[in-house]
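As structure tokens, the structure follows; a few thoughts come after it.
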Ligand code: NG1
Ligand code: ZN
């Protein structure tokens, strides 16, 4: 069999440089993710698969090499679909099968299977764009990927280093170029100019916020943010912190959004004083959390739930003034449908605030961006954020059209419509984007004239604690009800139910991670002490009775 004019021999010969190690790989919620030195064969093969995906859709496909907030020695890879979405679920299985084929012949068989099942026209061209984060293993992994793409004769554009959301943006721009949905110029300048133009409309004529300290986790966000600042000039005051991208061992180490959120601590490597405004990106700049030190020297975190609430509150206000009527498929018209999608990790106070103060529907989904994204698409304005700071706001085509065609009867109404339109430009529609989300927060705070304290005072978080427990087999834990309960092991769920009853506002759940070889334990209660107690009781039981490995969980500091 020939693969669109390429011989099986040619593919096998190229693959010989990347033998598969004795490892089992899984394409999970974040693509493939493991130690960087275990990934060359996966990269080569994902190159082959990207070509097939591009051929079958007749579109450009993206490949991003990153392990996000995970340690520097890890790496990973994921495919990006034409509009910047995550890979179609049925292809995750193909990816897993291809990566695990033990020999070159088995690899070719696996390719043939995809070609036959998906009826892939092998004689059409393929186009793939590639980027990576700052990880030291990235260089070699890009080379393996390019070897896979080249042997299949793909048209390749290698952007070198980009943030994950920038790569998603490029893919969407390339695929929509020259269509009514044209998203922008597929260059970093195109990306910066688009965000800047949208941001400027919100802040023009308003008092400028004080300096924002941005912890870039010593990752790719640092150089990219510096490029944005050059474009924005005096219109924003940002101090780039933790920008040591070439110093070994620094990436995500005791800094970045994941560290700050998980441990509720300020990052190392930057000064934080009362009065400072600060935020942290993660290693590939798709997550962001804000924080400050209050006058009592207490660390205050504004996580993804607070960002969702800030965005939803502002959008609800604008929608009310704009009074937009959206045309529906059945010929009727109705007001904007706004929803905020959350997961079990959302702080209970945020859900309560959204549902009962803002009166907005709050559906829950399983953990993982693809689930949230899917649910958010059901609304005209679908806000979704994970508590960890990954999220965005999606606008339906019908809503965008209505913003474009509705004329305000008063200057106030006109302004509200313009603001909603501006949000569709400012917010990355492809994927959660820390840089775009940062500008969204800065824009709303500027328009509202709010400090971080004022934003934080919208509701008070319930104290919470999240822990990781390493166990010998995390597949024994099976979640139901949007991850809030365990179907198995039953006896563990019974223990959790009994423990939770002992604490006012108690809530606790156990869930196996999809990206790390650990189980996550989340607990919430009326006081920090109770949240910790509840968590460490359950974490201890998971460790003791369900195959704990390594160190028994204990307080972080
Ligand atoms: P896992 O490791 O499956 O919990 C983590 C995050 C997800 C999502 C993915 C993708 C938490 C509790 N989990 O997944 O929300 O962001 O990483 O990177 O934050
Ligand atoms: Zn990330």
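Start at 1 and count along the chain as shown; that gives each residue its number.
Cβ coordinates are placed from backbone N, Cα and C, and glycine is handled just like the others.
Among the candidates 68, 90, 513, the residue that TrEMBL names alongside 282, 284, 286 for the Mg(2+) site is 68. The average pLDDT computed over the domain 'Alpha-D-phosphohexomutase alpha/beta/alpha' (58-92) stands at 97. Neighbour counts were taken as the number of other C-beta atoms within 10 angstroms of each residue's C-beta; across the recorded positions 68, 388, the minimum falls on 388. Largest Cα-to-Cα span within the substrate-binding set 386, 387, 388, 511, 512, 513, 514, 515, 520: 17 Å.
Cα-Cα distance from residue 388 (substrate binding site) to residue 286 (Mg(2+) binding site): 10 Å (rounded to the nearest whole number). For residue 512 (substrate binding site), applying a Cβ distance below 8 Å and a minimum sequence separation of six or more within one chain yields 474, 475, 477, 479, 518, 519, 520. Taking a C-beta cut-off of under 8 angstroms and a sequence separation of 6 or more, residue 282 (Mg(2+) binding site) has the following same-chain neighbours: 68, 69, 217, 219, 221, 252, 256, 257, 258, 288, 389, 434.
With a cut-off of 8 Å between CB atoms and residues at least 6 apart in sequence, the same chain places 64, 66, 68, 69, 133, 163, 164, 219, 220, 221 near residue 284 (Mg(2+) binding site), listed in sequence order.
Counting only residues at least six positions away in the same chain, the Cβ atoms of 287, 304, 343, 345, 346, 367, 369, 372 sit under 8 Å from the Cβ of residue 386 (substrate binding site).
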